[in-house]
């Protein structure tokens, strides 16, 4: 058999079909005799490994492998052991004989080695086939058993006795040893035979590598590397390995990293780089399309891993791989970008470690690769831009900073904040954070990035350098001028030379040591007095007159003089050079700081993003920026505060990384910034610092800021994050007797009031302190402090979180309490400050929040204030003058009257009306509380009666009793409503007395001109309208009239907000006049416009008013110049889109409103607005109907602008269904005569592009092609018609002109009677 065995032929037959492999002495293998058959053959091979050449033994082994699916696992185990031991014995014997160089002896090992290699390959193939589903899928496959027999019914009874996985590593180890020790060139003299053997013996390694489970084993992977590397290094297997590895790479994605590691080992341990170079060249020449994602991803992973392990090797081929940056497949571009990152890391490490062969060349390469990376920020794929930012983030951590490149990177990162993709923006923020953490400017101010510090340092260095340079410049000028005076009279040419030297002194500030050769003209005109005569190489004068002696050159004189000059030495000294470097350092730092500060505005906008990861990164940036003291970071920290209202839960990203909720992360950020203790501070200093930080949060805070801060403080107090010592410190600050800034005392009581929302016992023991300080002498001097003290006192009511269907539990106090006396004094005390209004509002709120009978106290206050206002009037005038409002004194001030007392009267009346109005609105709220309390008492009585009488059977009588109880509750509600409608504003009621007065003042703007009085009266009238529907029905038109005519933006703004409240109470009245309310959207004042938008948003979304075609005005706000208004409008439409068909139903009105008529907007604004609104049209049925309606609109207008608008709207629809496409085709008669307009035709081309992407069961390609041809034909026909019409008009005009000239030449003619009659 040995003499007839042909390895190449056997491999070919095995490859074609193992099940049909022809075996001359094939044995019938069965489960019963397989082990018995193998026993004798194993013993023969064990005695002599050359026994394998016996045809009986070889054919038996082949038979077992051919029918391996029925061979028991124990037999497979013995078979593998026999083949392996035989191959090992042959290897040792052949190695020994080759060493002895006995050709006749060692040549006999050729065939046995080939036969063992063949059997081993077949065994691996059979084992791979047999294991089937038993292949492990985890990195711990040894726990899996029964790999030897899964298929077939006649398997081993104990499949767990043998597993192929346990033998993979030893088998590959044996092959690796053979390739390392066997000199194949001595045994196989021809390349063909040697390549066949090497391919056969290495094939098991390639087969094993195809299994991902096997390659997860470190031992298997290492032996695989040894097989491939030794075959390539020792046996010229490189070309074959390249083909086999690349083939397997295409189908087995898990091989990307192992092949990269193999190439790295081959280069580093075996000093063979040719294969990696060839594979990189092959990859660089591949072309991928955008739809192919698998292959680019596999090759990209290989490149990335190889770059990580062998960056220098990849750098050699980088010029070829750069072509993949233009590949259509983004994974390849990503791989090249990531590879560049690893190369920079390696080169930078070499520079830092001092191992760089050519540091200058390394830096040049790094800068070039940075430029390539930054250029990819313009890539069309967001995945690539994200990858670039991720790589740059990693590079920002390297020790060497590369300042110039870092500034470029910062600029690109700031620009990426405006990217349309959230992941790009998020990675850009991550990069900015890393740039902050690793910035190289720690030599200034301890690493803090204060622009003021850097600006000051830069200015100081610049001034110092300017002084040195100016002094040196002055010395140069002095020396030059002195030499000129010694030379006597100079010619024009020498004057030119002096100017040249002067310029050289200004520009270079140094002396040139080299001699300058004069021009020919200068040589001719030089005289014996010239001190700058040129000399030749031998030192002889090149041109001299008789009697002249050789004088030194001017440059030589300057050099000698300058060398001794202190100013020149200082200019070129090492200290001055150090100053220049410091100046550059400060300049770079300033540039970096300004770029970071420029990013903050964009990051503030990012806090409102819907992408959670993006918001969290922006929050982290502001936290880090605050630590580094960036000047504008404080604005972002304040904006973050509003995220406290976010109710999101923890989420998980795709990569499995868990993100904290935005609210939880916000609390952590503020905890880190303001409340966590700092090291190296005593306990007292820690408390002082935290209290100071809490108070500072209230500085310059808006109402929105304070509302959000209140919620945050409440949450922190509930979580026990505020220590009692901090609370005590706040009380100390509030009550300290010594003079402190007003804002500190205010801030302390504001924070205490906020904390009391969670725990009211903070205030219970300190009521006397609040009354003494906040409402005592200090409160009288600082009305704002008194106002916030009132707010804090309201927390004593014990307000809890409202739960639907329940009444909040409040604690009410007797009216004799000192609290109410202080409240009354605060309101009634004479005051001319406008801060009084805010104090009075909160004082009334406190009375109604805490008092058991607040209405009685407020009635007394109103009466007292009324007496004061009108008593002072009677003292000044006769009592009958009260009704004479046109009198210039007292209540209403005329322009001619500037008397202080008169203005005081008007102010007092404004105070009275303000109190009256606010009491009215609070009384309504109090009545609602009374109603709930009465119903609660009814329920309590019912429950008590039920408990006493025991459980009663449910019957018809019981149901009737429930109805009676329900009727009783209705009676309570009706009674309260009757009080509001008929008693509160009745003529005999206290508040009713002021109703006519308010109407009179508001309705007589010419009589009552005082702005404070008019504002207070208007506000109170608005509150009165909320009390009674009859009063509202009678006087709401007055409010609308003031809204139209008032020039005071504050009054108009208040009216808009008040109308929203009126609509809540009496929606039908406002709904009938909603058009008046929409006028506020056209107001010239942005505050009025914003408030109108907010009110309408609330009313529409809550169904309080109906939309009657006015959404066009709301849509105008989408593109408002004020970003806040535009954002509010977008938010409104986003919320409206959640209502069923709300936007769809109003879309025609919106288009008409914005496109035509007096409300039409610019075409660009129309397109941006409609593009936003059409994004909410998602239902295909809606899109189909809109196509039909819009096509019909073409016939209703002759305005080309409206044609373009309609076509643009049509192009915004998605055309995802065949019906939509058919609708647009069927509508051709409506618009075919409009296609000559370029704007219209272009939009229909866009529609065609979308239609071609439509997925349909029927092929509509032919219809679309026909439709395109029709469009082109209609366009040409329309253009021809327009050209013809234009020519006709031109000819008509020419004919008329000729007729005019003809008549002129004829002169005056007798008038035609008919013409005269026509005229």
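Heads up, the Cβ atoms here are built off N, Cα and C, so glycines get one too.
Just so you know, TrEMBL annotations are computer predictions that nobody has curated.
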### Query
Which one of these stretches, 1230-1274, 1275-1319, shows up in TrEMBL as region 'Disordered'?
1275-1319
### Query
Pick from 842-872, 873-903, 904-934, 966-996: which range does TrEMBL record as region 'Disordered'?
873-903
### Task
Have a look at 83-107, 108-132, 133-157 and point to the one annotated region 'Disordered' in TrEMBL.
133-157
### Query
Counting by DSSP, what is the helix, strand and coil composition of the compositional bias 'Basic residues' (1288-1308)?
19 helix, 0 strand, 2 coil
## Note on the structure
Over the domain 'Condensin complex subunit 1 C-terminal' (361-479) the mean pLDDT stands at 90
### Summary
Secondary structure of the domain 'Condensin complex subunit 1 C-terminal' (361-479) by DSSP, residue by residue, totals 94 helix, 0 strand, 25 coil
